[in-house]
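**Student:** My structure is below; once you've seen it, I'll send some questions.
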Amino acid sequence: MDYSEIMVRHGELSTKGKNRMRFINKLKNNIQDVLAPFPAIAVRSDRDRTHVSLNGTDYQPIVEALKLVFGVQALSPVYKLEKSVPLLVTAVQDIMTSLYRDGLTFKIATKRSDHAFELDSRELNSLLGGAVFEVLPNIQAQMKHPDVTLKVEIRDEAAYISYEEIKGAGGLPVGTSGKGMLMLSGGIDSPVAGYLALKRGLDIEVVHFASPPYTSPGALAKAQDLTRRLTRFGGNIQFIEVPFTEIQEEIKNKAPEAYLMTLTRRFMMRITDAIREQRKGLVIVNGESLGQVASQTLESMQAINAVTSTPIIRPVVTMDKLEIIEMAQAIDTFDISIQPFEDCCTIFAPDRPKTNPKLGNAEKYEERFDIDGLVQRAVSGIVVTKITPEIVNDEVENLIDALL
């Protein structure tokens, strides 16, 4: 027998009351986005489950993709069949025969939501267990901690049989907690921050600052590929490229070296906030980790934050660098993040940046700039690209091959 579908069990959605179906429908849409590379599959949801019909597609890559989607508590490859006792008996016998080995223990666990079905749960357990003994007389039944728990569900539309339960990513479906703008440089920390924001249901749009010719096409492709990795957790992400060359040159030419980083970050924050307002976001997300670099001391954060009243979410703010690296490796962004392309945060970096910048000094130095004009020109020059889940090739590897 081949699996018919993957049955997805919802996570925290069961606690969402009147909004439950909104959360479930969002999860369904996210699953459809993530599984877009598999055109044969079909997705439908009800209040208790989401069903991914395989329609002949190999189940293993579908399972691997679904395991990453936020809002999925658990999933099981299942056999779907008509609600017929003879069909159930044959299916259970075939499945257990294929799984059997010496010393194997099992139990049948039936759940019947269709109360019009001819047998109740206890009767089905007894009947199907007896059917297994008919073909496997040496097998042992065990009610506590068996090797195999064969789950049989009798629902209104069909019967379902499964024996695997695979842990999902948990969290909330992406898009159920509003929209935020993720400041993504291309380093290790910001993709991890984006991942953690996605886990709590935030619909992120990625804001990436590019300063050609100081930053290369490779740096831009790297940021887009990091964004593509994040699409695996909840579907498509809008990637917003911000032209930043003019501003960085202005800062380099007119500001004291010690304040280059502070002023650069203040401009980035202003621009991100303007894009957030334009695109109806609610928060800004970044990868700042307290004390990790000069721009991430409390004094620096205070001086940079002063340009906006928008809430700033910093998911990795209390994490050690090693913890962030381990999470980046776990979510498969680390190898991309360490590719040697310079970004806006590394070009023009001063040798001795100010670790305790004064807000008054930053504001005084900014009097040398046409702040509104610079911000307006940057925002009007943004390029928005929809990033969809990757299908086959790692685009960064392809880019490197092309450059060599």
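Glycine is no exception: its Cβ is also placed from the backbone N, Cα and C atoms.
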**Student:** If Swiss-Prot says MET183, LEU184, HIS208, PHE209, GLY287, GLN296 bind ATP, which of ARG265, ARG266, ARG279 does it name for the same site?
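**Tutor:** Only hit among ARG265, ARG266, ARG279 in Swiss-Prot's ATP site, alongside MET183, LEU184, HIS208, PHE209, GLY287, GLN296: ARG265.
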**Student:** Give the residue counts of the domain 'THUMP' (60-165) per reduced DSSP state, in the order helix, strand, coil.
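**Tutor:** Going by DSSP assignments, the domain 'THUMP' (60-165) contains 37 helix, 31 strand, 38 coil.
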**Student:** Based on DSSP, name the secondary structure state of MET183 (ATP binding site): helix, strand or coil.
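**Tutor:** For MET183 (ATP binding site) - judged by DSSP and reduced to three states - the answer is strand.
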**Student:** For the binding-site residues HIS208, ARG265, which one has its C-beta crowded by the most other C-beta atoms within 10 angstroms?
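**Tutor:** By the 10 Å Cβ neighbour count, HIS208 comes out on top.
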**Student:** Within 10 Å of the Cβ of MET183 (ATP binding site), how many other Cβ atoms are there?
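**Tutor:** Neighbour count, Cβ to Cβ under the 10 Å cut-off: 24.
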